[in-house]
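So that you can see what the record holds, here are the features copied from Swiss-Prot:
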type: REGION; residues: 1-205; note: region 'NAD(P)H-hydrate epimerase'
type: DOMAIN; residues: 9-201; note: domain 'YjeF N-terminal'
type: REGION; residues: 55-59; note: region 'NADPHX 1'
type: REGION; residues: 118-124; note: region 'NADPHX 1'
type: BINDING; residues: Tyr129, Asp147; note: (6S)-NADPHX 1 binding site
type: DOMAIN; residues: 203-461; note: domain 'YjeF C-terminal'
type: REGION; residues: 205-464; note: region 'ADP-dependent (S)-NAD(P)H-hydrate dehydratase'
type: BINDING; residues: Gly305, Asp404; note: (6S)-NADPHX 2 binding site
type: REGION; residues: 348-354; note: region 'NADPHX 2'
type: BINDING; residues: 375-379, 394-403; note: ADP binding site
Amino acid sequence: MEFISSRDMQILDTNCEYFGLSRMLLMENAGKGVAEEVMKRFYEGKVQIFAGSGNNGGDGFVAARHLKGFDVEIFLLSKPKTELAIKNLEICRKAGFPVKEGLPEEIDADIVIDAMLGTGVRGRLREPYSTAVKMINESDAFKVAVDVPTGLDPDSGSYEEAVKADLTVTFHKAKPGLAKAREVCGEVAVKDIGIPESFENLCGPGDVAFSYKRYEDAHKGVHGKVLVVGGGDYTGAPALASLAALYAGADIVTTAVPMAIRKVVASFSPNLIVRGVGEERIEMKNLEELEELVKRHDVVVAGMGVGENPEFKEVVEELLKSCKKAVLDAQGIVDSVPENCECILTPHRGEFGRVFGDTEVQKAALKAKAVILLKGREDVITDGSRVKVNRSGNAGMTVGGTGDVLAGIAAAFLCNDDAFHSACAAAFLNGLAGDVCFEKFGYNYTATDLVKAIPEAILRCKSF
């Protein structure tokens, strides 16, 4: 049995909408799948559907329509809140299905369908769901859970109280928690709802929507503190990476560059906090100063704009020993990352060959103990086991500096997310920002234009 985490399933659901496979169609296929599994086991009978406020309830409403020959009742534990659930409930009402608000006095059905919370549940159940779970478990009805039993954590398999299903009908792939809590899942049926296998391996707006985090009760620094270490022969690269991190959501970005170019880098924007480290180049003698800066930041981005500096790689290798998270680009890319550091490497083909030779990219990621985001017309992202491909972007992005922007975006996401998901989200967002630029300027835009397009690209991702 193949598995997919609840997060990756939600990402895939959003990406399907972007690729033209609507959530409405997926819900239709899911609800029909539930009905099919019921009708494999029963020819007739009374069915009571317990529906929550989200799309799990929507799946239940669709199932009601497909249960031909059954006496179906729908109980709303909460009013539907999603557009799809509202629409499918309205169809049920128009079709004449009895719809009642709240819990029944008793369960007198042959079959109960749990379409209450699905994969959205975490922690202790609130009312009326807690009472509903008790009622369902105490009944003699055949119990069918939609996607996962209500109360069960879909990933960890943990629960305090959960529907003890005789049958769980899940979609696309099983959720990991189903294998860890067989005592409440019963038989597990995995239904194909029409998602092409290739979609699971493509980056899209769903990746961005889940990696970009904004907390209503946050204070400065909560959304991430990034340290950019680079510069030397080039001044624009560290500035672009720093600005990209800010535009992608990081609260604080410090740019550490050689003293010789500090004023030039600072002149790019009043939003930059620029620290001079070393004189003409960043060298091993500056390590202690850099290590103090590392302690005050969540993520280190290193390598852009360094140019010819034989000591820089050694500086990076030492910094990684005290660093929890890092994004390494250009001259900062190393072939092995210590276990204490969660790391994204962002080479283009030439840089990849320089560091890893002709090693296949998945094997290189395993060897490096890092996520590799291999830049190209189609970006490849892998941690050695998982692989995703990004197809956003256009030929205008061959202009210099777009890779620096990508590194900054990846760092912003990595502040509050894991390396693989951050890299996937960064690759798509960077390309989408390029597509936003193309709509405005054609192919003739710069990396500065790309940075300024990041907020609009984020809004587009969140609209799906």
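Glycine is no exception: its Cβ is also placed from the backbone N, Cα and C atoms.
Here the features listed in Swiss-Prot are painted onto the structure.
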residue	record	CB count, 10 Å
Tyr129	(6S)-NADPHX 1 binding site	23
Asp147	(6S)-NADPHX 1 binding site	29
Gly305	(6S)-NADPHX 2 binding site	25
Lys375	ADP binding site	23
Arg377	ADP binding site	10
Asp379	ADP binding site	25
Ala395	ADP binding site	10
Val399	ADP binding site	17
Gly401	ADP binding site	23
Asp404	(6S)-NADPHX 2 binding site	31
**Request:** Give the distance between the Cα atoms of Ala395 (ADP binding site) and Asp404 ((6S)-NADPHX 2 binding site), rounded to the nearest whole Å.
**Result:** 17
**Prompt:** Tell me which residues of the chain lie with their Cβ under 8 angstroms from that of Gly403 (ADP binding site), as long as they are six or more apart in sequence?
**Reply:** Met304, Asp329, Ala330, Thr346, His348, Lys375
**Whole-number Å value for how far Asp404 ((6S)-NADPHX 2 binding site) lies from Arg377 (ADP binding site) (Cα to Cα)** = 16
**Request:** Measure from the Cα of Asp147 ((6S)-NADPHX 1 binding site) to the Cα of every one of the binding-site residues Gly305, Asp379, Asp404, then give the nearest.
**Result:** Asp379
**Request:** Restricting to the region 'NADPHX 1' (55-59), report the mean pLDDT as a whole number.
**Result:** 98
**Message:** Quick check for the class: what is the C-alpha distance, in angstrom and rounded, between Gly401 (ADP binding site) and Tyr129 ((6S)-NADPHX 1 binding site)?
**Reply:** 52
**Fill in**
For Met397 (ADP binding site), the nonlocal same-chain Cβ neighbours (under 8 Å, six or more residues apart) come out as Asn430, Gly431, Gly434, Leu450
**Fill in**
Per the Cβ under 8 Å criterion, with at least 6 residues separating them from its ends, the region 'NADPHX 2' (348-354) contacts 330, 333, 361, 364, 372, 374-376, 403
**Request:** By CA-CA distance, flag whichever of Tyr129, Asp379, Val399 among the binding-site residues is nearest to Gly305 ((6S)-NADPHX 2 binding site).
**Result:** Val399
